[in-house]
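Here's the structure we're looking at; comments come further down.
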Amino acid sequence: MIGRREFLRNSLLAGVGAIIAKKFKPLWPSEVAFAKSSKQVSRPVLISTWRQGIAANEMGFKVLSEGGTALDAVELGVRTAEDDPKVMSVGYGGLPDECGHVSLDACIMDWNFNAGAVAFVQKCKNPVSVARKVMELTKHVFIVGEGADRFAKLMGFPEVDLLTDEARKRWLEWKRKASPNDNWLSPEENHDTIAMLALDKEGRVAGAVTTSGLAWKIHGRVGDSPIIGAGLYVDGEVGAAGSTGVGEAVIRTCGSFLVVEYMRNGMHPQKAVEETLKRVLKVNKKWIDKDPNFQVAFIAVNLKGEIGAMGLRKGFQYALYKDGKNQFLDAPNLI
Ligand code: ASP
């Protein structure tokens, strides 16, 4: 039976939810383009960041067609980017840190708040699958560094040298051009993490994020991508959100969690990503103003299959599989 205190708390929360939902009724210009799709439920939906999202969505759709769940779709979807050495911001072939070491971060989450994450992985090319093992086979959520590599090995993942000749060449060029006056405050142009969200036919929602992080980062740096709540968040009753861009800015705002909370309070996913980017801008203004390349972007999906995608600045692109079509699209921008 529900206790009095719990009843009062629930009524209070419901009241606040209703007020917020009312205040944020969808009337914004950025929603107009999405209004059509909001009329009915559309499933399945797959949404992934950047160009590598096209292949990820294709794989995700194949997995769903063969009876896989949203969770299988995102894991196997993002692995296409991890395995592709031409994608130099994810997995094998990713650009290294300032010392020439490639380190990978990833996380995965399902519709039941099950989550797994790994960071600073240096010997395994599929950190997203290691993250899934953390989620399914341990009582932990997050394993990092040497421990994550050790765990991966124990799980049977082969040890791999992640640094390709091409990535090494790019690192050497960067080193040659680096000046002693460079600081670590300016983020790199390389921010093409893959974040992928899936909503399957049954209404199960899941997400995965995997990255080699910012190029030439300080050895040991971890961004938002493997952090549940920052780079990814999934709530089976609401939807999911994921991010790409300068991870520090997303960590400061718990970005993906915030997107999902806005959706919980009644916002359309497009409005939710827009409001979250406004928060990111407010909180990180002193860094953003100084750097014209400072980019942060979010994708989101709710249980109806409505989606949101937006970049802080122009240039963010994403792949959307919806209504039987896999499209590569330009997202709107906030500033
Ligand atoms: N968000 C990633 C990080 O900060 C970078 C990216 O999106 O590529 O590590």
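A Cβ is built for glycine as well, from the same backbone N, Cα and C atoms used for every other residue.
Per TrEMBL, the features are as follows:
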ACT_SITE  Thr193  active site, nucleophile
BINDING   Arg221, Val222, Gly223, Asp224, Thr244, Gly245, Val246, Gly247  substrate binding site
So among Arg221, Val222, Gly223, Gly245, Val246, all listed as binding-site residues, which is physically nearest to the residue listed as 'active site, nucleophile'? Use the C-alpha atoms. Gly245
Where Thr244 (substrate binding site) sits in the secondary structure, as DSSP reduces it to three classes: strand
Quick test of your reading of the structure: among the binding-site residues Arg221, Val222, Gly223, Gly247, whose CB sits under 6 A from ligand 1? Gly223, Gly247
Out of Val222, Val246, which has the highest number of nearby Cβ atoms, where nearby means within 10 Å of its Cβ, if these are the binding-site residues? Val246
Compile a sequence-ordered list of residues in the same chain as Gly247 (substrate binding site), six or more apart from it, whose Cβ lies below 8 A from its Cβ; state 'none' when nothing qualifies. Gly213, Leu214, Val222, Gly223, Asp224, Ser225, Ala230, Gly231
Report the largest Cα to Cα distance, in Å and rounded to a whole number, among the residues Arg221, Val222, Gly223, Asp224, Thr244, Gly245, Val246, Gly247 that the record lists as binding substrate. 16
Around the Cβ of Thr244 (substrate binding site), how many other Cβ atoms lie within 10 Å? Please give the count over every shown protein chain. 29
